[in-house]
Amino acid sequence: MKCFFPVLSCLAVLGVVSAQRQVTVQEGPLYRTEGSHITIWCNVSGYQGPSEQNFQWSIYLPSSPEREVQIVSTMDSSFPYAIYTQRVRGGKIFIERVQGNSTLLHITDLQARDAGEYECHTPSTDKQYFGSYSAKMNLVVIPDSLQTTAMPQTLHRVEQDPLELTCEVASETIQHSHLSVAWLRQKVGEKPVEVISLSRDFMLHSSSEYAQRQSLGEVRLDKLGRTTFRLTIFHLQPSDQGEFYCEAAEWIQDPDGSWYAMTRKRSEGAVVNVQPTDKEFTVRLETEKRLHTVGEPVEFRCILEAQNVPDRYFAVSWAFNSSLIATMGPNAVPVLNSEFAHREARGQLKVAKESDSVFVLKIYHLRQEDSGKYNCRVTEREKTVTGEFIDKESKRPKNIPIIVLPLKSSISVEVASNASVILEGEDLRFSCSVRTAGRPQGRFSVIWQLVDRQNRRSNIMWLDRDGTVQPGSSYWERSSFGGVQMEQVQPNSFSLGIFNSRKEDEGQYECHVTEWVRAVDGEWQIVGERRASTPISITALEMGFAVTAISRTPGVTYSDSFDLQCIIKPHYPAWVPVSVTWRFQPVGTVEFHDLVTFTRDGGVQWGDRSSSFRTRTAIEKAESSNNVRLSISRASDTEAGKYQCVAELWRKNYNNTWTRLAERTSNLLEIRVLQPVTKLQVSKSKRTLTLVENKPIQLNCSVKSQTSQNSHFAVLWYVHKPSDADGKLILKTTHNSAFEYGTYAEEEGLRARLQFERHVSGGLFSLTVQRAEVSDSGSYYCHVEEWLLSPNYAWYKLAEEVSGRTEVTVKQPDSRLRLSQAQGNLSVLETRQVQLECVVLNRTSITSQLMVEWFVWKPNHPERETVARLSRDATFHYGEQAAKNNLKGRLHLESPSPGVYRLFIQNVAVQDSGTYSCHVEEWLPSPSGMWYKRAEDTAGQTALTVMRPDASLQVDTVVPNATVSEKAAFQLDCSIVSRSSQDSRFAVAWYSLRTKAGGKRSSPGLEEQEEEREEEEEEDDDDDDDPTERTALLSVGPDAVFGPEGSPWEGRLRFQRLSPVLYRLTVLQASPQDTGNYSCHVEEWLPSPQKEWYRLTEEESAPIGIRVLDTSPTLQSIICSNDALFYFVFFYPFPIFGILIITILLVRFKSRNSSKNSDGKNGVPLLWIKEPHLNYSPTCLEPPVLSIHPGAID
């Protein structure tokens, strides 16, 4: 049991954590002895359902370990099997409930058959099975082998004598156990006192009475051998007198570590009498009073005062007027004389020993003849060795006389009430006290009566002498409901109670007492009568009933509280049933509705339309009165209006019905609920702020004071532009921290740049406009609205105020763009590459972007023209000048380092000449991400001159003249000695030079040409004074395209290019007309950078003289000189002759075939004739020869 409750607590905690049913039982096995009382605890945790759980115990016997034997249950009396039914019903086996979830199984008289496996089961109260519902443990029942023996004896010792007692303790238990031995002393009528003990762990211990003596060694406990234990008291004291015995217990350790006493045995006792050295004693006689009335009891007490009274022997005798009444020896058996023995037999007298030192004589019914002197005598006796007693000293006190008066009526009656004036409904309580001069002689009968104001008497209730109470006829019904009660409080005191009084209960209440005594014959007779009365005045409840409504706070502020008092007059006690209803008329309405009612029984009923009041309204009724206070907290507009209270006075009837006595309505109370006076103050300080764009604009709005610590603020931020009449809303933060962007923020795209912050202090609001733009300049201010939470949990705006303005100026960064202004002149040859450099020495921002443009001023063109442009996104564009001069393929841009831009013009041409410069624009990003031009600058100019190469064309002027014969060929060579460029090309033309005057020549076959030339010369005479006539023979352009041949030489010219610088013209079939001077004209052409050829220079050779010798004509020359004649003579006859031969052959073969009947059909090959070979001389000097070679005809 020592560890039961800690284990139980741990199991309860584990049950909560596991959240499943867990049944635990005391850990086994437990070893217990036969006949002992055993308890086994069991508890359950983690269950669902009622807190009080049921338990059922069963056992599985070793003889049948699988069979369950039911023992006892907390829920089913029929649960035990027959073998346990009798022991359960007899209370020897029962379950003790420690808590709702914990029990103890008790087996008071353990038997050997009780050994086995015990199971504790808890029926399920859970919604679903989850956990364990039973637990088991083993119980082993072993024989009780503990023996404790001591010699029974009676020892007489004198004070200060020594005492030795021995006790044998032995056990044969097989299990490991410990023994504890204790010596105890017991006196008659007292609890045993431990003298000394040896615990199971071999520790000596004594009670407080013997502890000091044990520490001094006067009390010892010694073990002699294995089983003997000796008690030694060296100096006995009178207090040591009593019975000494030894008690042994056998302990075993349970599995949980606790020790359990399996069995306890005590030996027989040794009675030790200690004779004190002092033998004196005194006697005194006592009684309560000495004057009595017949029938009253009297008691005399004879008190003996001596040392060690229980160990001494005294005899007592009682005497009346020196006559012996009774004697009592040491054995306490009274012996009475004949007269008093008769009275003792009828129960009228008693002689007894109340204690060792007190003796009593009691007479229950005194007689008149019992008046006299009474006394007692005490004699000490000594017991001899033979067991007889001898008288020694005797003593008696003084006599006590008593007087017994005869019986007579001496009663007096007094009536008292709880009040003389009461309120209707209060209880009336009357007490009727009967006083007697002596002891009451008999019995009393009592009648309670009411005398009303009309002197009508009615019986309320009466009590007869036998104690029977009966109500009067008019009070019978009220008495049946408990409205009228009468009671005998004491033998001489009677009470009347009238509950829930009514007005008609007013009047004079009288108590009439009659005293009765039993006569000698047993009949009752009246000894005397007495009566007493008291007046009662009852005030009606409705008298002066009125109700008034008051309030000390007719005007309140939001969230304040106000009280409404409904004062009931007169001041009724709390028990008076009064119902009070508060009615309410909201502002703007004409009807009242019930708000709340404090019912007559103390309950509270809310009206149908009082839901908004319930959580904020407290109704309280004074304990000492019926005044009802209505307290409304967190006042709002909803509670503003007119209030009125209605009181109803009720009376509860004796039959539990209710009667409404009166109803009163109070005056009207008007409650005004006002908003609190605002204390809002916003900082009005003005500020000027100038910053560069892309920096944040920090705007502050400070609330210097506020109405309440619970105030919330809505902050509206405005900006005022000079061009606008009113400010424009940027941002609004509502009182519940919601954001609303204004139209200005939407139009200007400020949403992504706005940042609102409320500081921890609560009264400082900040608006930050990130990445400020120039357009953000303006006058900024905030508009603060103070909002409070109404008692109805609705927010309302209390006040608003505008802050001072912050003048914000956002400017663009200062321009720091600067270009190199170095001037330059540059002269280059065509096809070379030109580098134009543009250097940015400084810029406004490292994040800026540059647009670089090159332009040129052409000679005789006042306007500049764009050559190329590098946009700020690094895109290269050609200008109009590039399109005109075919620069698109020749421009190249490089930027070797930041701020350095180089424009290369490849294959420059003469038309590229001009004055070049670069123009740079610096663009900065605006905070909104748009780029704008912040600065621009133009660099120094560079004059570019593109020159063509110098002409160095030379034609060989030293050419020898030549003479040729007619029909021969002559050559005209044109040799170029030097050229301007290796890439140049030449145009070559040969001319015939003749003198105009006298230079006319005729040649055969050339008369017509001569005439034509003469006509041309005549046409040119007027325009050209040159005496030399130039006639072109042949011209070859730089692109190797031949021009037309001159008419006289047409068909007789052959052109040859022997080398890149040597050209030859051969004139065939020279005639005398070809005689004359000839020259060659050379033009040098170079390619431009645009791949176009242009003429650089021209040169003409010296004239060459040619003389053709004239010869007479021959037939051959005539034929050869005439083409028609040549073909007629030498070519046409031969084909005709060949065709004639072929025709003859075909006719011949055809006739042969006809004679042979179609030879062709027999496969004879036809005659195939191939084209004859015609050989002729290309020089036309020999006639053509027609020959047929072998094989020509198959």
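Including glycine, each Cβ sits where the backbone N, Cα and C put it.
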(message) Under Swiss-Prot's annotation, the disulfide partner of Cys120 is which of Cys10, Cys42?
(response) Cys42
(message) According to Swiss-Prot, the disulfide involving Cys302 connects it to which residue among Cys376, Cys432?
(response) Cys376
(message) If you check Swiss-Prot for N-linked glycosylation site, which of Asn43, Asn700 comes up?
(response) Asn43
(request) Please work out, from what Swiss-Prot records, which of Cys432, Cys566 forms the disulfide with Cys511. (result) Cys432
(message) For the feature N-linked glycosylation site in Swiss-Prot, which residue out of Asn321, Asn842 does the record point to?
(response) Asn842
(request) Have a look at Swiss-Prot and say which candidate in Cys566, Cys701 forms the disulphide with Cys645. (result) Cys566
(message) Tell me the Cα distance separating Cys167 (disulfide bond) from Asn1077 (N-linked glycosylation site), rounded to the nearest angstrom.
(response) 185
(request) Cα within 10 Å of Cys120 (disulfide bond) is the criterion; apply it to the disulfide-bonded residues Cys167, Cys782, Cys838, Cys918, Cys974 and give the hits in sequence order. (result) none
(message) Rounded to a whole angstrom, what is the C-alpha distance between Asn655 (N-linked glycosylation site) and Asn43 (N-linked glycosylation site)?
(response) 50
(request) From the disulfide-bonded residues Cys376, Cys645, Cys974, pick the residue whose C-alpha lies nearest to the C-alpha of Cys838 (disulfide bond). (result) Cys974
(message) With the cut-off set at 10 Å between Cβ atoms, which of these disulfide-bonded residues ends up with the most neighbours? Options: Cys120, Cys246, Cys432, Cys701.
(response) Cys432
(message) If I take the alpha carbons of Cys376 (disulfide bond) and Cys918 (disulfide bond), what is the distance between them in whole Å?
(response) 156
(message) Across the domain 'Ig-like C2-type 7' (813-945), what are the DSSP residue counts per state (helix, strand, coil)?
(response) 8 helix, 72 strand, 53 coil
(message) What does the structure give for the C-alpha distance between Cys566 (disulfide bond) and Cys974 (disulfide bond)? Integer Å is fine.
(response) 147
(message) Please count the residues of the domain 'Ig-like C2-type 1' (20-138) that DSSP assigns to helix (H, G, I), strand (E, B) and coil.
(response) 11 helix, 52 strand, 56 coil
(request) Sort Asn655 (N-linked glycosylation site) into helix, strand or coil using the DSSP assignment. (result) coil
(message) Using a Cβ cut-off under 8 Å and a sequence separation of 6 or more, which residues in the same chain sit near Cys1080 (disulfide bond)?
(response) Val955, Leu972, Asp973, Cys974, Val988, Ala989, Trp990, Tyr991, Tyr1063, Leu1065, Glu1100, Ser1101
(request) Could you say which of the glycosylation sites Asn43, Asn418, Asn655, Asn842, Asn1077 has its Cβ with the most other Cβ atoms inside 10 Å? (result) Asn43
